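J.: What follows is a structure written as structure tokens; I'll ask about it next.
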Amino acid sequence: MPITKIHARQIYDSRGNPTVEVDLFTEKGVFRAAVPSGASTGVHEALELRDGDKAVHLGKGVLKAVSNINEKIAPALIAKGFDVTAQKDIDDFMMALDGSENKGNLGANAILGVSLAVAKAGAVHKGLPLYKYIAELAGTGKVVLPVPAFNVINGGSHAGNKLAMQEFMILPVGASSFAEAMRMGSEVYHHLKAEIKKRYGLDATAVGDEGGFAPNIQDNKEGLDLLNTAIDKAGYTGKISIGMDVAASEFFKDGKYDLDFKNPASDSSKWLSGEQLTELYQSFIKEYPVVSIEDAFDQDDWDNWGKFHGATSIQLVGDDLTVTNPKRIQTAIDKKSCNCLLLKVNQIGSVTESIEAAKLSRANGWGVMVSHRSGETEDTFIADLVVGLATGQIKTGAPCRSERLAKYNQLLRIEEELGADAVYAGHNFRNPQV
């Protein structure tokens, strides 16, 4: 069934910045998708097209991307008469229409908006829930409910505190279902709030971009200690593991790592070498139930990535390192730099390429963690994506803020719909199909 109309508009994300929304029309109705955007972005990401007029939205308007959809992509796609279920053909056509390596002409945010809407329409035309349609597109065997990695303490570029490392996450690996994982996450979150209030005062319980708390602490171990205490008070010691997103590219300076990077008068004699930072991570792993570290080093510090990967058995996630880009992923595979892909649909800019990135990673023994961005919308596509790709893990913020809960609540609905067929990844989150 062909696409009859495509209309894009500028809406706002969870940080109050403009973003792209697309309505795609077929005989069966209207299918809507909204595009997220990140705060800490890798230099190798596909290009998010912004207007650049500093007098309007501080340069962050997306009317160029909207116009590219309405005036270029829409007429070209409709003229071709593609069936809405031809996801790969449509995505390939849009990439050819753009003609650049990084989607810089039309904008990755323009192409992705249409790509997401096409997938939603394709599912309805096939008479399938979106997660089952994605599983069909990807050739997935059995669908799997993911372990949620709740980002409950925010630092780095996501918060105004002194904490250098960006995300401190809890993973309810010992839950028996996604619903139980949500309960665990929610309870720990509330115990954490009470503990932060007790230690640092009520004003320390304000939340960051992704719903996590941002107490004004500087020592990263203090963050881990807070998590351990909250997990213990909730009664889940041994059932909940810890994950971190260090976002080290944000504080990489002159070949070293500055854990006081938010201080303009930071003492360069205290900056850490890659080796010293590795030692710090090893101490985290030894002292706390840390099972996953993301972006442990700068996005081009291949040497330290490789050394750490060779010296640890935990999950090492590439985000800024790999930017969901098959070429970067292949380089990381060849260099043995990490063992898990952070999959962000807007880093690569289409559904087809997202599926291909996940398949390439899995074929080489990696895990895959599906991820939101810090600037999110109420769109729930990634909830269906993580189930359809059966990757076993998702991070989409704390159990707080509606744009985060929208995804978690969709996962609850999917688990309910699957009934007795629902499988929760649990301890097998790194390789749920084994």
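Quick reminder: no glycine exception, Cβ is built from N, Cα and C everywhere.
Copied straight from Swiss-Prot:
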type: BINDING; residues: HIS158, GLU167, GLU294, ASP319, SER371, HIS372, ARG373, SER374, LYS395; note: substrate binding site
type: ACT_SITE; residues: GLU210; note: active site, proton donor
type: BINDING; residues: ASP245, GLU294, ASP319; note: Mg(2+) binding site
type: ACT_SITE; residues: LYS344; note: active site, proton acceptor
J.: For SER371 (substrate binding site), which residues in the same chain are close in space, meaning a Cβ under 8 Å from its Cβ, but six or more apart along the sequence?
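T.: Within the chain, SER371 (substrate binding site) has Cβ neighbours under 8 Å at ASP319, LEU342, LEU343, LYS344, ILE382, ILE394, LYS395, THR396.
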J.: Please give me the CB contact count at 10 A for GLU294 (substrate binding site), counting all chains in the structure.
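T.: Excluding its own Cβ, GLU294 (substrate binding site) sees 28 Cβ atoms within 10 Å.
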J.: Within 10 Å of each Cβ, count the other Cβ atoms, then let me know which of the recorded positions HIS158, LYS344, ARG373, LYS395 comes out lowest.
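T.: Counting other Cβ atoms within 10 Å of each of the recorded positions HIS158, LYS344, ARG373, LYS395, the minimum falls on HIS158.
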J.: Calculate the distance in Å between the alpha carbons (Cα) of HIS158 (substrate binding site) and GLU210 (active site, proton donor), and round it to a whole number.
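T.: About 8 Å separate the Cα atoms of these two residues.
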J.: Using the centroid of the Cβ atoms of ASP245, GLU294, ASP319 as reference, list every other same-chain residue with Cβ within 8 Å of it (recorded Mg(2+) site), in sequence order.
T.: GLN166, GLU167, MET244, VAL246, ALA247, ILE293, ASP295, VAL317, GLY318, ASP320, LEU342, SER371
J.: Rounded to an integer, what is the Cα-Cα distance in Å between ARG373 (substrate binding site) and ASP245 (Mg(2+) binding site)?
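T.: Between the alpha carbons of ARG373 (substrate binding site) and ASP245 (Mg(2+) binding site) there are 13 Å.
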J.: Just to be sure I understand the packing, how many Cβ atoms besides its own are within 10 Å of the Cβ of GLU210 (active site, proton donor)?
T.: 30
J.: When you average the Cβ positions of HIS158, GLU167, GLU294, ASP319, SER371, HIS372, ARG373, SER374, LYS395 for the substrate site, which other residues in that chain have a Cβ within 8 Å of that mean position?
T.: GLY38, ASN151, GLN166, GLU210, ASP245, LEU342, LYS344, GLY397
J.: Cα-Cα, whole number of Å: GLU210 (active site, proton donor) versus ASP245 (Mg(2+) binding site)?
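T.: Each residue's Cα considered, GLU210 (active site, proton donor) and ASP245 (Mg(2+) binding site) end up 13 Å apart.
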J.: Translate the DSSP assignment of ASP245 (Mg(2+) binding site) into the three-state scheme.
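T.: Reduced to three states, the DSSP call for ASP245 (Mg(2+) binding site) is strand.
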